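Scroll down for the structure; my scribbles are underneath it.
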Amino acid sequence: VAVPLEPAPTPTTATASSSAGLVGMGGGPMMGQMGQMGGPMGVGGPMIAIAPDRTSTAAPLVPTRNLHVSEYGLGTTKEMIEDLFSPLCTIKKVVMKTGYSFVNTEDVHEALAAKDVLQGTELNGGIIKINFAKDKFMDQTQQWMQAAQQGMEGVT
């Protein structure tokens, strides 16, 4: 997320990004232009990077044991979701909400596999979308360590 150090010459609003990084005034990525202060230039002047909002409800960037499932057809039941996911992962709990649900699994690797296999699958007349959901029992540090470990697997 970036904010201008000087006001833009025309009334424009910077759009926020859910992850850290530099974003130009139109919401697009910053190009390699450098300002007088050595930082990237945006419309209206130099831009500075700010830390991401830690209260964001955006999907986690790293895999977790919990999946957010949405866009399935109306009338989808908990049992339908369990039947779809159970061949791929051990389900601890399915929490149904209006229009979406959470599939809480035992293992992050199983959740990742289920997400990869089932993304875009038809369920009760709708094409499902799957994202990782926050894991209330796993803090951010543990998630990053787990992701780093997964990235190192297979490296000799």
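Cβ atoms are placed via backbone N, Cα and C, with glycine included.
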Legend entry - From 1-22, 45-66, 89-110, the residue range that TrEMBL assigns the feature region 'Disordered': 1-22
Inset, instruction - Could you tell me the mean pLDDT over the domain 'RRM' (65-135), as a whole number? - result: 96
Inset, instruction - Tell me the residue counts in helix, strand and coil for the domain 'RRM' (65-135), as DSSP assigns them. - result: 19 helix, 26 strand, 26 coil
